[in-house]
């Protein structure tokens with residue numbers, strides 16, 4: 001150790017002190033300049049689109065207002081995709097090495113078809129990154145305080161005032177502003193396929209993942225009602241491919257009592273019943289809903305159904321439903337806070353938006369129930385709180 005220290009202290013017999021200082025300066029400058037030049041070059045739009053996998057999204061960008069507009073200000077790739085702060089920039093550069101790996105080594109995005117198959121995954125990753133830093137790259141140009149709402153469209157001005165008040169992240173509402181939106185259904189439909197593949201009806205308490213017909217007796221051909229998605233049943237008996245189940249729910253006492261709901265006064269549907277299933281129900285209790293002064297009865301129905309499309313834990317269903325919500329309602333605008341509406345209010349709200357989606361009946365039912373079970377007047381019930389509201 002002493003020899004090493006002495007060697008470091010003594011001037012080199014071969015090089016002068018001046019030469020060593022000069023070499024040190026050159027190395028120091030190189031260590032400063034080369035990374036800077038490297039970052040600058042690899043941040044240019046020309047460099048970004050030099051990979052052929054980026055050509056389709058480049059053409060999409062050229063059709064956007066960020067490429068050509070009345071003011072002549074152009075947002076380049078780095079303006080949107082590289083955070084302005086040094087730590088964020090370095091982190092993003094390191095993450096970008098994965099893009100190179102996926103293109104040239106893994107070959108997962110090296111054709112238009114492969115890229116399209118992963119578009120939703122790539123977009124969600126970028127949205128999450130922008131959400132995490134509160135759209136810092138957007139804010140390097142756009143500033144809530146600098147906006148003249150009088151020059152905006154009235155609806156845009158209204159939305160921007162709300163966003164400014166809450167300091168909302170730009171990406172919440174402005175997805176797809178520079179690139180084509182992905183088909184988000186590919187993500188949540190794959191998730192449903194995985195949920196269906198993991199179906200497990202071994203427990204005493206089960207939850208439906210699909211709309212399932214129910215029957216008055218085992219082996220019946222004609223259904224006596226339907227069990228709706230994300231509904232709980234108790235298993236009374238197992239017989240081959242059939243399950244005898246017990247369904248509990250509320251119905252308005254003065255009505256036809258064909259629809260069971262999760263809570264009295266809230267139209268969160270559990271099941272529809274008719275025929276012999278309806279005739280054999282038991283009334284467990286009654287209560288009056290103060291808001292409407294109507295009497296509701298808690299009923300218990302016994303029925304049969306075929307095995308399949310049932311799980312013994314509600315949480316995977318809610319995780320799938322959350323993907324449904326974010327993948328569907330974020331397409332046109334920022335998805336509102338679920339607790340902004342009450343359970344009954346979500347029916348009309350979702351009906352007003354459902355025409356802009358490609359959801360099928362099962363997906364629509366699952367999404368509605370998820371929203372209702374996390375609404376302002378039921379928040380927490382979707383996570384295991386069984387306390388009923390009177």
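Every residue, even glycine, has its Cβ placed from backbone N, Cα and C.
Sequence annotations record features per position, and here Swiss-Prot assigns heme 1 binding site to 48, 51, 52 based on similarity to another entry. Reduced to three states, the DSSP call for residue 51 (heme 1 binding site) is coil.
Counting every protein chain shown, 19 other Cβ atoms lie within 10 Å of the Cβ of residue 77 (heme 2 binding site). The heme 2 binding site feature in Swiss-Prot is assigned to 77, 80, 81; the stated evidence is similarity to another entry.
What Swiss-Prot records for 138, 141, 142 is heme 3 binding site. In the structure as shown, the Cβ atom of residue 142 (heme 3 binding site) sits within 10 Å of 12 other Cβ atoms. Under the DSSP three-state reduction, residue 142 (heme 3 binding site) is assigned to coil, being neither helix nor strand.
Under 8 Å, Cβ to Cβ, and six or more positions away along its own chain, residue 174 (heme 4 binding site) finds 138. The heme 4 binding site annotation in Swiss-Prot covers 170, 173, 174.
The heme 5 binding site feature in Swiss-Prot is assigned to 329, 332, 333. Taking Cβ-Cβ distances under 8 Å and a sequence separation of 6 or more, the neighbours of residue 329 (heme 5 binding site) in its chain are 335, 336, 353.
Look at Swiss-Prot and you will find 1-16 tagged as topological domain 'Cytoplasmic'.
Annotation comment: Swiss-Prot describes 38-390 as topological domain 'Periplasmic'.
The transmembrane segment annotation in Swiss-Prot covers 17-37.
The average pLDDT for the topological domain 'Cytoplasmic' (1-16) in the predicted structure is 65. In sequence order, 66, 137, 138, 178 constitute the residues six or more apart from residue 80 (heme 2 binding site) in its chain with CB-CB distances below 8 Å.
Put simply, of the binding-site residues 77, 142, 170, the one whose Cα is nearest the Cα of residue 51 (heme 1 binding site) is 77. For residue 141 (heme 3 binding site), applying a Cβ distance below 8 Å and a minimum sequence separation of six or more within one chain yields 73, 75, 79.
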